[in-house]
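Colleague: Not my notes, these are from TrEMBL:
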type	residues	note
BINDING	D:Arg48, D:Arg54	NADP(+) binding site
BINDING	D:Arg125, D:Ser126, D:Ser127, D:Asn238, D:Ala239, D:Gly278, D:Lys293, D:Pro294, D:Thr295, D:Ser296, D:Ser297, D:Arg319	FMN binding site
Protein chains: 4
Amino acid sequence: MSGNSFGKLFTVTSFGESHGPALGCIIDGCPPGLELSEADMQRDLDRRKPGTSRHTTQRREADEVRILSGVFEGKTTGTPIGLLIENTDQRSKDYSKISEQFRPAHADYTYMHKYGVRDYRGGGRSSARETAMRVAAGAVARKFLEQRLGIRIRGYLSQLGPIKAEKLDWDQVHQNPFFCPDADKVPEMEAYMDALRKEGDSIGARINVVADGVPPGLGEPIFDRLDADLAHALMSINAVKGVEIGAGFDCIDQKGTEHRDEMTPEGFLSNNAGGVLGGISSGQPIVASIALKPTSSLRLSGRSIDVNGDPCEVITTGRHDPCVGIRATPIAEAMMAIVLMDHYLRHRGQNADVSVSTPVIGQL
Amino acid sequence: MSGNSFGKLFTVTSFGESHGPALGCIIDGCPPGLELSEADMQRDLDRRKPGTSRHTTQRREADEVRILSGVFEGKTTGTPIGLLIENTDQRSKDYSKISEQFRPAHADYTYMHKYGVRDYRGGGRSSARETAMRVAAGAVARKFLEQRLGIRIRGYLSQLGPIKAEKLDWDQVHQNPFFCPDADKVPEMEAYMDALRKEGDSIGARINVVADGVPPGLGEPIFDRLDADLAHALMSINAVKGVEIGAGFDCIDQKGTEHRDEMTPEGFLSNNAGGVLGGISSGQPIVASIALKPTSSLRLSGRSIDVNGDPCEVITTGRHDPCVGIRATPIAEAMMAIVLMDHYLRHRGQNADVSVSTPVIGQL
Amino acid sequence: MSGNSFGKLFTVTSFGESHGPALGCIIDGCPPGLELSEADMQRDLDRRKPGTSRHTTQRREADEVRILSGVFEGKTTGTPIGLLIENTDQRSKDYSKISEQFRPAHADYTYMHKYGVRDYRGGGRSSARETAMRVAAGAVARKFLEQRLGIRIRGYLSQLGPIKAEKLDWDQVHQNPFFCPDADKVPEMEAYMDALRKEGDSIGARINVVADGVPPGLGEPIFDRLDADLAHALMSINAVKGVEIGAGFDCIDQKGTEHRDEMTPEGFLSNNAGGVLGGISSGQPIVASIALKPTSSLRLSGRSIDVNGDPCEVITTGRHDPCVGIRATPIAEAMMAIVLMDHYLRHRGQNADVSVSTPVIGQL
Amino acid sequence: MSGNSFGKLFTVTSFGESHGPALGCIIDGCPPGLELSEADMQRDLDRRKPGTSRHTTQRREADEVRILSGVFEGKTTGTPIGLLIENTDQRSKDYSKISEQFRPAHADYTYMHKYGVRDYRGGGRSSARETAMRVAAGAVARKFLEQRLGIRIRGYLSQLGPIKAEKLDWDQVHQNPFFCPDADKVPEMEAYMDALRKEGDSIGARINVVADGVPPGLGEPIFDRLDADLAHALMSINAVKGVEIGAGFDCIDQKGTEHRDEMTPEGFLSNNAGGVLGGISSGQPIVASIALKPTSSLRLSGRSIDVNGDPCEVITTGRHDPCVGIRATPIAEAMMAIVLMDHYLRHRGQNADVSVSTPVIGQL
């Protein structure tokens, strides 16, 4: 299986470049009988869509997804689901300059060395444009998980550059263009982004994702632990440089007595584990956090080299997100949904007939 | 492919429990013609081996590996390499108590809910004992990468609880029981560990791993990016709760102009990317960092439940590492070696005939 | 990886139902730098296309394929190739009757028991309509194999019901609607098919496929032997009930001295092996043969049951091939091309640096 | 996943050479809770074991299997099962001659061209010795299928060279050294084999395998159809040159009305399909048949070349089966068991909650 597929029983395979005719994906392994329509995916796609506020790229894509197979009379049939999004706003511009230069911190240089050729129009395959299909596929997983198992997956921006959210009010997350759960910080974020845009610079961000209602038992040690697959999925999102589960890097100076989540018949007393013990879900909320680097497409000139290895100065024009983290919330949610879905099916395949007398305890 | 295999062309499949008769693994896909003997693996196994200082578990395992296949007249043949380590120090003790209780922060509870049964002797499959086979398999990858490509993979402990290494002196790493590259911090670490042992508590740690000499081009976007597979591999190590590539979480409040690694004909000017751009190696050193949680096996009593869901107090006796991070350095190196090896073969498979006129620049 | 993907490094993933809006596939792992256009695929698609003679179904599909990604400036880029064929001739008919009955020897009954639901329009996913995407993907593999390695893959119909081709004249294969290499048998086949059509019955066929120019070394024992993967690929084609490599079932009463292909410096003296020894290509032509069952869609009434398990009589109306074998030649070629391509990349990945002093001998 | 693994959820990975220290395999994905001991495997291993009659090789291997992991207190735990068989009868002989020559119809020449090196002792990895691990792994699958689903898998030799079994009396199969179900033919077979041994020649055979009690619904179209995976598994057995499902090659001159298996509420009226429709099990018996070529290891001299490409005459001494087909019955059963097990788990993973009101009909 080559690098554009993810998942072993719920398998998402994707194609498409930023400025090609279309993006698409195939979901193979979705169980039959799930009610599914384009609207289910459109909701999440619209949350990811560019151009919805002045803080994201002004590229405008309808991002209208079409279901081409796998759904019959409104329900999935168990056969592969083909999805397609036509690219509509491929601005015809002169790419001759960028075709000869490598933008610093971009995939230009590495694609050239890997493939010997690259589609330089808008970053081609390395563009975050491909994440649209992740969101569409994730929406299918999410619907199944919600309907059949009562699992709810939600994310939020917990930090934008130096500004940290200090409150987690889920109701606020969709009330502002940042997916920020702390309403008090939104004005500060807006001012920060406005200044940044003027400067021409960009900034990093942190996104947290939480899944509630996950049953215990998901995860396939020793290599396909649930947290390992989550790390894989989340690190595969463009611009992500770090992944934490539960306490994450804070565990370094925690003592064992502090870190360990004690258990009572009423539930776990804390969740430093982030819902995963020994690579298997514990019934607590699954908690992950990711770091997204600042966009590298800047109009501020940077030193680089051209295809001949000669030095040059690169300025990136065009429409870019000054903080890619802002739009990453639905993408991270989607990847978590895909991982949980895949692991649910794998677990069911191997352990469907397991019965356990020990009661499930949740989070206190 | 179930959860105990890792890698697509260089595939490591592992078996074995802490207190079973043996551990083993099969390496499938190792290219033929590599000189290989047990000694190549023993070197790394000995670095991981318990009982080498007072700061690790006193369990004593010879950890002697045998090659059972795939090597003929001192060289690999291209057929699968079978490896075996017999368990020698399976102390016969009374497990009746622990068999009925779930140790907090352990895999006991989740294994029970997943499988309906668990081998409670020493943690069974969830014990870090299985990492011995990772180290053995990693040694094969490491040797190939070093001999054929000049890649060198090295790790060190960069933080033990509150104590951070402030210097990176590679020569120091093997001069102390912590894999600490800063000799000045070693006495402090020793005192800290001695106090901790008296207390009966445990502590977390941070390990960094660096690969030098990796050619540009390794990594398979969009899902099997090199950094995504590294995150998968490293997060699959017992006790790991976080993974960073390059600047990692520090990128959150970096601006684009600060984070981007500018390029000159003489080399990259910085390495915030950690050697990976767009999911593909750039020719810079690959840099990863992981957080390991404190051991949960403590003699300090903790609240928990038993198999009937009733409350209980758990005390873990037996021999345990107060800081699992200490022995994790060779394991993290091994997983990085396996990932790079697998990606080298995958890249070669798909792009063996690519020729690029752009010169490779390294790190300045 | 779920059931709609084939190949490990050259991976084809397919979607689409007979009467859905479109069929599509994603080819992941095609090496970069291959010149590719729709015309390369159209040639093979046209050979498979229905409605080209009175002996095949009269359903008319343009089968026009569009490349949606992975090709830039006329060459593959190493990123996934998205292909799409819109369904144009989905005749709106009343499926209400068939939706309640299971046609004998069809997938109706098994799809219902597997998925609990089925898209009964034209057979849905179980229709041979999906083979169009196999042909399109196979054309890409075929072009690479031909251009880079000089491999030529050709097939022909060697038996139609009771009528066996007795001569193998490659030039004849495309001179008749049967892909028959023996011109003398064509009139007999035409008469036979005309009679059959009148009767309302159908008939089986045998197709042979041969690949010339395959280098020695392809195949991954012990499970992914080249012949095992070929058997998998060919048996996965609709209606295939048997697969032979080389002498096939004739080897049952061959003696060892008769079966073994002796070797001389000038080449192998025979090819009972069909080009595969120990699961690895020998440099001889790869020879496979498949049996295709007669179509089950007949206007001659057959006993069956309905969705309630009650007895019924089924008559299949609509447009169907009286001999599906006729159009199977390009499909079998395509599957052989995909297998060889995948194995070439896998072999290169693991053994790219092998050098052998023993000369390659071909077929005498 | 490299070539020495088979199965996606029930994954068997194998290692070992004919004359190495040991053979082994890892079964990953076996559900927990299955009672399992070495005796369960030994039964099948003993049926495959050489040296049990004068008609098979006189090499004597105890073939005693040890379970190294994955079983606790007599039951599987859901973790990987490590199996080991030590090689005991590696006769130390002079291989210097054969190391320089390629035996005709052997893997010698192709292994050399693939890997650049080969373990020539007894055929190394290409020896049928590896099938011992297939049998051991198959025994685990078989036990699960029998205990949990009531599936019974049985095979027999249906043809030995020119001699065809004409009766299928299951009780006879284990009453003679040929696994022949027709007692009347046994004397003829014995005489034939005795003559053959004197001659120094070898002969092919046909083996049939039947699985009863398979529920409808197993198989993953379009590529991992049940019959396609069976073809893969069976063709991967040493010496197999052809695979048939149900009517197999006989379907070529069957008419549709003759081939189609009509259905009644009481059951299917025939089984030309061999229990698979559209790639999915129908509830009828799964019927497969394979052709095994005659052994190539003959003491009758054959023309060949040496490692320099020069002509030579090869005589194979040593202990070899004059008809490898004879011992292939348990191997073919094992591979069918592994395929059915894997597909059962895959089906359950994706469709565990499907409920169908249509009654299951069996075979009339």
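Including glycine, each Cβ sits where the backbone N, Cα and C put it.
Distances, neighbours, how buried they are, the whole picture for these features please.
Modeller: For D:Arg48 (NADP(+) binding site), the number of other Cβ atoms no farther than 10 Å from its own Cβ, over all displayed protein chains, is 24.
Cβ environment of D:Ser127 (FMN binding site): D:Glu17, D:Ser18, D:Asn238 lie under 8 Å away, each six or more residues apart in the same chain. In the three-state DSSP reading, D:Ser127 (FMN binding site) counts as coil.
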Colleague: Taking the Cβ of D:Lys293 (FMN binding site) as the centre, count every other Cβ atom within 10 Å, in any protein chain shown.
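Modeller: That number is 30.
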Colleague: Can you tell me which binding-site residues out of D:Arg125, D:Ala239, D:Lys293, D:Thr295, D:Ser297 are within 10 A of D:Arg48 (NADP(+) binding site) by Cα, answering none if there aren't any?
Modeller: none
Colleague: Would you identify which of the binding-site residues D:Arg54, D:Arg125 has the most other C-beta atoms lying within 10 angstroms of its C-beta?
Modeller: D:Arg125
Colleague: Within the chain of D:Ala239 (FMN binding site), which residues six or more apart in sequence place their C-beta under 8 angstroms from its C-beta?
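Modeller: Looking at Cβ-Cβ distances below 8 Å from D:Ala239 (FMN binding site), excluding near sequence neighbours, one finds D:Ala128, D:Leu292, D:Lys293, D:Thr295, D:Val324, D:Gly325, D:Ala328.
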Colleague: Around the Cβ of D:Ser297 (FMN binding site), how many other Cβ atoms lie within 10 Å? Please give the count over every shown protein chain.
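Modeller: Cβ-Cβ neighbours of D:Ser297 (FMN binding site) within 10 Å number 24.
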Colleague: Given the binding-site residues D:Arg48, D:Arg54, D:Arg125, D:Ser127, which pass a C-beta cutoff of under 8 Å against chain C? Sequence order please.
Modeller: D:Arg125
Colleague: Sub-8 Å Cβ contact with chain B: please pick out which of the binding-site residues D:Arg125, D:Ser127, D:Ser297 have it.
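Modeller: In terms of proximity to chain B, the binding-site residues that count are D:Arg125, given in sequence order.
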Colleague: What is the Cβ neighbour count of D:Thr295 (FMN binding site) at a 10 Å cut-off, with all protein chains included?
Modeller: 27
Colleague: State the Cα to Cα distance, in Å, between D:Arg54 (NADP(+) binding site) and D:Ser297 (FMN binding site), rounded to an integer.
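Modeller: Approximately 17 Å lies between the Cα of D:Arg54 (NADP(+) binding site) and that of D:Ser297 (FMN binding site).
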